[in-house]
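Novice: I have a structure I would like to understand better, so I am pasting it below and will then ask my questions one at a time.
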Amino acid sequence: MPGFFASLFQWFSGLFFSKQAEIAVVGLQASGKTSFVNVITSGQWSEEVVPTVAFNFRKIRKGNVTLKIWDVAGQPKFRTMWERYCNGVDAIVYVVDAVDQDKFKSAKFELHQLLAQPTLTGVPLLVLGNKNDLDGHASVKDLITYLQLDKISDRPVSCYSCSMKSQHNLDIVLQWLAGRSH
Ligand SMILES: Nc1nc2c(ncn2[C@@H]2O[C@H](COP(=O)(O)OP(=O)(O)OP(=O)(O)O)[C@@H](O)[C@H]2O)c(=O)[nH]1
Ligand SMILES: [Mg+2]
């Protein structure tokens with residue numbers, strides 16, 4: 001799998017010479033944000049991930065492409081920081097644990113509260129329904145309904161079902177991110 005990601009990144013690099021994209025990765029705690037960043041930067045999956053405190057910043061340079069990633073903590077005490085890290089980025093990636101249905105209401109509330117910030121008007125949104133390797137995960141259709149993604153009309157919105165563990169659909173996600181580079 002690392003070889004697959006290396007070749008994908010080469011393809012990505014070749015398409016977008018000297019381009020860069022800055023993204024902020026937000027969402028409730030334990031949804032898989034840091035796992036996402038680890039997998040797309042190194043191809044490495046690990047069960048053992050420490051909850052993020054405040055944020056991690058990762059800058060990946062492969063060939064002529066630079067991806068700057070703000071991986072922001074999801075615990076309640078850190079959520080007021082989300083807007084600050086999303087301000088000025090090329091895309092907001094909102095990660096949802098697609099199995100933890102009890103948290104969908106909270107995930108919807110936090111997402112819409114964030115998008116209501118005037119500083120973030122128009123910033124493209126990518127919603128990832130993570131952990132689709134597990135039984136009982138919500139489909140993209142369910143996520144659109146539960147998170148009321150169809151009510152968002154002031155920006156481009158995409159939603160994919162994926163898994164950091166099995167790396168399912170991460171090729172599509174990387175293509176989407178590549179499309180935000182400039
Ligand atoms: N089964 C499965 N588990 C996952 C997947 N992605 C992440 N996890 C697990 O979910 C837990 C939380 O992952 P993290 O990446 O730390 O979540 P986070 O969103 O960064 O959490 P905070 O930093 O606290 O906001 C870890 O135990 C991961 O191993 C996945 O695709 N499938
Ligand atoms: Mg984290």
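Yeah, the Cβs are placed from backbone N, Cα and C, and that goes for glycine too.
Not measured: the values here are computed from a predicted model.
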Novice: The GTP site in TrEMBL includes Gly27, Leu28, Gln29, Ala30, Ser31, Gly32, Lys33, Thr34, Asn130, Lys131, Asn132, Asp133. Which of Gly43, Gly74, Gly122 is also listed there?
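Specialist: Site partner of Gly27, Leu28, Gln29, Ala30, Ser31, Gly32, Lys33, Thr34, Asn130, Lys131, Asn132, Asp133 for GTP, according to TrEMBL: Gly74.
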Novice: Where's the emptiest Cβ shell within 10 Å among the binding-site residues Gly27, Gly74?
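Specialist: Fewest other Cβ atoms within 10 Å, among the binding-site residues Gly27, Gly74, is found for Gly74.
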Novice: Please name the residue among the binding-site residues Gln29, Ser31, Thr52 whose C-beta has the most neighbouring C-beta atoms within 10 angstroms.
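Specialist: In terms of Cβ crowding, the pick is Ser31.
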Novice: Among Gly27, Gly74, Lys131, Asp133, these being the binding-site residues, pick the one whose CA is nearest to that of Thr52 (Mg(2+) binding site).
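Specialist: Closest by Cα: Gly74.
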Novice: With every protein chain in view, what's the tally of Cβ atoms within 10 Å of the Cβ of Lys33 (GTP binding site), excluding that atom itself?
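Specialist: That number is 30.
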Novice: In whole Å, how far is Thr34 (Mg(2+) binding site) from Gly74 (GTP binding site) when you measure between their Cα atoms?
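Specialist: Here the two Cα atoms lie 10 Å apart.
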Novice: Counting across all protein chains shown, how many other Cβ atoms sit within 10 Å of the Cβ of Lys131 (GTP binding site)?
Specialist: 25
